[in-house]
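Engineer: Annotation source TrEMBL lists domain 'ABC transmembrane type-1' at B:82-290, B:376-572. Annotation source TrEMBL lists transmembrane segment at B:21-48, B:81-108, B:120-143, B:163-184, B:214-235, B:273-294, B:319-344, B:380-402, B:414-434, B:446-464, B:503-529, B:549-573.
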Amino acid sequence: MSIAIKEVTKSFGSFQALKALNLTLASGEFTAILGPSGCGKTTLLRMLAGFEQPSGGEIQMNGKLVASSSFAIPPERRRIGMVFQAFALWPHMNVAEHVRFPIRSHRETPAHIRDNEQEHVERVLAMVGLSKLAARMPHELSGGQKQRVAIARAIAPSPSLLLMDEPLSSLDAMLRMDMRREIQSVHRQTGTAIVYVTHDQGEALAMADRIIVMKDGEIEQAGTPQDIYLRPNTEFVAKFVSKANLVQGRWEQNHFIPRAAASELKWYGGEVSTHFKQTGAYPVRPDQFVLGDALEEGIKGEVVNVQFQGKEFHYDIRADKEQWEVISPRAFRMNEHVTLALPV
Amino acid sequence: MEEVSKVQHGIARSGRRRAGAVRLPLSVVIGKIAALLGAVAVLLLFVWPIARLVHLSVAGEAGLTLSIYNELLNQPRFWSALWNTFIIVTGSTLLSVVLGMTVAWLMAYTDLKYKKLLHLIILLCFILPSYVLTLSWSAFMGSQGMLAELLKGLGIPGEPWSMYSYSGIIFVMGIHHFPLVYLFTVDVLRKIPRDLEWASRAGGAGRLKTFRRITFPLAMPGLAAGGLLVFLASLDNFGIPAFLGTPANITVLSTLIYEEIIGFGPAAFARGASLSVILGIVAVIGTMLQWLMLRKSKTSETTMPDYSPRYLLGSRRKWVGGGLWALLLFITAVPLLAMISLSFKRAYGLGLIPSNLTLDNYRYILFENAKVWQSIQNSVLLSVVTLIICMVVGSIFAYIRVRKPSALSKAAELAIALPYTLPGIVFALSMILVWMQPLPGVNGGIYGTIYILYIAYICRFLILQIRASMTAFMQIDPSMEEAARIAGAGMWRKWKTILLPMLLPGIVSGGLLVFLTALTELTVSALLYSSGSQTIGVTIFSFEQAGNTLYSTALSSLIVLLIAVGGTSVLLLQKWLSRKGLGGANK
């Protein structure tokens with residue numbers, strides 16, 4: 001399903017949750033909406049679902065108007081599936097009943113599914129690895145299994161759009177990694193468009209075809225994961241997604257001269273966005289820096305914190321009156337003097 | 001109203017932009033009309049009677065006057081009733097708090113056995129209508145009652161304690177209300193995280209000091225709220241002072257109002273109204289204090305109660321447990337047995353031997369006195385109708401209140417709570433004032449018939465159902481409902497297959513409370529009944545006033561049976577519903 005969001009605004013009382021949002025989502029695409037809490041990403045998702053109505057603008061799905069400030073198709077009449085943050089399983093229904101429920105409820109469930117209901121339920125349960133648990137009740141399931149039920153319920157009537165509201169945030173770290181694969185495989189097998197809301201940039205980068213970064217009810221940047229990660233357009237995206245350090249200095253065309261450089265130090269930055277060239281900063285990711293002995297060429301700094309992470313060290317380096325995060329395979333001690341370089 | 005204009009504005013705006021594609025949000029319009037009608041109904045049914053009451057107490061021949069209050073303050077009768085009320089309410093509240101706190105601590109923290117059963121027995125004191133408890137105790141303690149016989153049999157000289165005294169009233173009221181304190185406190189105690197006590201012990205404080213400095217202050221909001229509730233309930237109680245106080249000439253505010261109204265005479269209503277306003281103000285202040293206390297303890301609402309015992313009684317468990325059982329049985333079951341055995345006797349004062357036993361009392365009340373049978377029918381019908389209306393209206397209101405909170409619904413909830421917040425006798429008087437002449441010069445045919453009882457019961461007990469249903473709704477995350485809608489379920493299917501199965505146990509237990517309270521109601525009916533519309537409570541009261549103790553105990557025993565049957569059947573229904581709800585696993 002293709003979705004067009006045109007000049008959509010939403011306000012709750014005097015608080016403006018969304019400010020004139022414009023966005024198109026292609027059919028079959030996995031879109032991640034990424035942002036900190038309160039950025040409006042959940043409001044946007046709930047609007048796509050039909051639980052919120054826009055205060056202005058309109059939303060179209062497949063070219064058909066589904067919501068404006070005076071009109072809204074209710075959630076039950078949109079062909080969508082949704083996975084909720086805290087699973088939202090019904091305590092009085094078993095796993096198979098959860099999957100069967102939307103097949104029977106949705107008016108537009110395709111006839112081939114409706115006619116072969118039992119078969120389809122089994123197929124969906126097999127897809128999420130729950131075949132053996134079909135008769136279990138929600139309270140007899142682990143967190144990961146609950147989330148699989150929630151996904152199975154959402155994809156059962158073969159919706160043309162699947163909404164996911166931070167679906168992994170109620171799970172522990174190990175399980176989250178497994179579920180990422182699960183969700184990717186569901187996306188491959190169903191070919192459904194997915195809109196996935198998260199505050200975890202790792203999830204967005206790992207799974208999405210396209211990432212929309214939001215802040216304060218506006219879109220900061222939209223693009224492929226590589227675009228967003230490697231070529232941030234704003235300070236917020238550089239910090240929030242790439243965890244970049246903003247090194248201050250001045251630009252001479254495609255070359256950057258750090259403020260703290262001792263001599264004729266120049267960093268090449270052809271791909272850095274024009275926004276940073278105008279503000280005189282260079283966003284450097286922790287893994288981009290190369291850490292060297294005090295005598296090598298680069299910006300001088302001092303180690304103020306070390307964390308050993310197995311294959312590498314995470315350092316906090318004080319340099320240029322600021323504190324930067326740097327990742328390096330080389331071992332340095334606390335308070336040791338180092339230099340920071342940026343190889344091209 | 002703001003929303004209406006917003007929507008209309010939206011329609012107008014989009015109408016300009018895309019002519020022909022406008023859809024009138026009919027549901028919004030219907031919703032607004034329903035809200036308006038609801039607001040009018042709430043004002044007329046719940047607020048207007050109170051306004052009439054207050055107005056009558058200050059209405060003079062020439063405008064507003066305080067002369068009725070002046071006259072009241074000059075009456076020694078008023079001051080003695082006020083003093084009696086103060087002594088009785090304070091004394092019984094203290095007894096309830098001490099008893100309730102002790103039992104709550106034992107139940108929350110120690111490893112006593114059979115806690116579920118104990119919990120039910122504790123509640124029994126409160127489930128029994130206060131007049132049944134009163135009759136039980138007076139049957140047990142009477143000069144020829146069970147205890148007197150026991151003393152005589154053992155050759156111990158002396159008379160049992162007379163229940164027709166200050167101490168008797170205080171005692172019965174105290175044991176009737178202590179379950180309220182228990183209920184409020186036990187949950188608060190369970191929610192105090194045990195590591196707070198550990199931290200105190202690790203910090204060097206002993207057990208006693210830990211209780212005094214940590215546990216007790218943390219339990220204080222719950223305890224204070226429970227204490228205030230008992231204070232209000234004691235102020236409201238009519239049965240106990242009417243049964244025990246009237247023969248001993250001990251009048252409290254609630255019985256004083258009753259006597260004023262029953263005694264009629266000129267200006268009886270106005271005097272009753274002014275007394276009611278005074279009593280009502282005290283009750284409203286108490287409710288507000290209680291609300292503040294509860295708000296204070298709200299912070300612990302998210303923490304889960306901890307049911308595992310914290311203090312192991314060890315070898316003392318037998319003694320403590322045994323003592324608690326003995327105490328609870330002594331205050332409920334033993335007097336109840338005394339009352340039931342009395343109801344089978346040929347005459348008051350005869351010994352409990354087979355030749356003295358008879359079913360005559362039951363035959364009389366069930367078959368020979370048509371009025372008694374009428375009153376049983378009245379009470380059952382009244383409570384069933386009240387139950388059904390409260391369940392439907394209360395649950396719909398609770399849904400709106402929880403899912404679409406607004407200032408309007410909050411105000412409506414406060415108004416609906418008014419009849420239950422005010423003492424029953426006050427509320428009953430306000431009902432008389434409104435329904436005697438709903439419109440000036442029109443009788444309306446409500447007052448003096450059973451319909452005024454229907455209106456009064458529904459208005460008074462609706463809030464009980466609303467609170468129970470609200471709790472049930474609050475336990476269901478909105479996402480459960482949203483998941484149903486996303487899955488394509490419309491209004492009807494959403495309610496039938498998702499919401500109702502999850503809600504029913506909570507709604508039904510609220511309904512049980514409404515049903516039992518209505519079935520045994522005395523205070524409101526005592527003022528509102530008329531010939532042909534007497535209720536069970538009123539009939540027992542009349543028998544007792546006429547000195548027919550055998551009949552009143554027989555009818556009371558019947559009502560105990562009715563409560564047991566009603567309570568068990570609703571509990572079974574609830575169990576069946578929850579099993580049906582979980583039954584999907586077997587399909």
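Positions of Cβ are set from backbone N, Cα and C atoms, glycine also.
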Engineer: At a C-beta cut-off of under 8 Å, are there same-chain residues at least 6 beyond the transmembrane segment (B:273-294) that contact it? List them, or none.
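Structural biologist: Hits for the transmembrane segment (B:273-294): 50, 53-54, 56-57, 68-69, 72, 78, 221, 224-225, 228-229, 231-232, 235-236, 253-254, 256-257, 260, 421-423, 425-426, 429-430, 433.
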Engineer: Sort out the residues at least 6 away from either end of the transmembrane segment (B:414-434), same chain, that have Cβ-Cβ distances under 8 Å to it, and list them.
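Structural biologist: Tertiary neighbours of the transmembrane segment (B:414-434) are 42-43, 46-50, 52-53, 56, 232, 235-236, 238, 253-254, 257-258, 261, 269, 272-273, 276, 279-280, 283-284, 287, 397, 447, 452, 455-456, 459-464, 466, 523-524, 526-528.
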Engineer: Between B:21-48, B:120-143, B:549-573, who has the most Cβ pairs under 8 Å to the transmembrane segment (B:446-464)?
Structural biologist: B:21-48
Engineer: In the same chain, who gets a Cβ under 8 Å from the transmembrane segment (B:120-143) while lying at least 6 residues past its ends?
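Structural biologist: Distal contacts: 103, 107, 159-164, 168, 171-173, 175-180, 182-183, 237, 239-240, 242-244, 328-329, 331-332, 334-336, 338-339, 342, 516, 520, 522, 537, 540-541, 544, 549, 552-553, 556, 559-560, 563, 567.
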Engineer: Go through the chain and flag residues at least 6 beyond the ends of the transmembrane segment (B:549-573) whose CB is under 8 A from any CB in it; none is fine as an answer.
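Structural biologist: Here the qualifying positions are 127-129, 131-132, 135-136, 139, 336, 339-340, 342-343, 345, 347-348, 361-362, 364-365, 372, 376, 380, 508-509, 511-512, 515-516, 519-520, 536, 539-540, 543.
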Engineer: Check the transmembrane segment (B:81-108) against the transmembrane segment (B:214-235) for contact, please; criterion is three or more CB pairs under 8 Å, pairs 6 or more apart in sequence.
Structural biologist: yes
Engineer: Counting only CB pairs under 8 A, let me know which of B:21-48, B:163-184, B:319-344, B:380-402 has the most with the transmembrane segment (B:214-235).
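Structural biologist: Comparing B:21-48, B:163-184, B:319-344, B:380-402: B:163-184 has the most Cβ pairs near the transmembrane segment (B:214-235).
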Engineer: Same chain only, please: residues at least 6 beyond the ends of the transmembrane segment (B:163-184) with a C-beta under 8 Å from a C-beta of the stretch. Say none if there are none.
Structural biologist: 84, 87-88, 91-97, 99-101, 103-104, 107, 122-123, 125-126, 128, 130, 133-134, 137-138, 141-142, 222-223, 225-227, 229-230, 233-234, 237, 240-241, 244-245, 247-248, 250, 331-332
Engineer: Which bits of the chain, at least 6 residues beyond where the transmembrane segment (B:380-402) starts or stops, bring a Cβ under 8 A of a Cβ in it?
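Structural biologist: For the transmembrane segment (B:380-402), the sequence-distant neighbours (Cβ-Cβ under 8 Å, at least 6 residues beyond its ends) are 409-410, 412-413, 416, 450, 453-454, 457-458, 461-466, 468-470, 472-474, 503, 507, 510-511, 514-516, 518-519, 535, 562.
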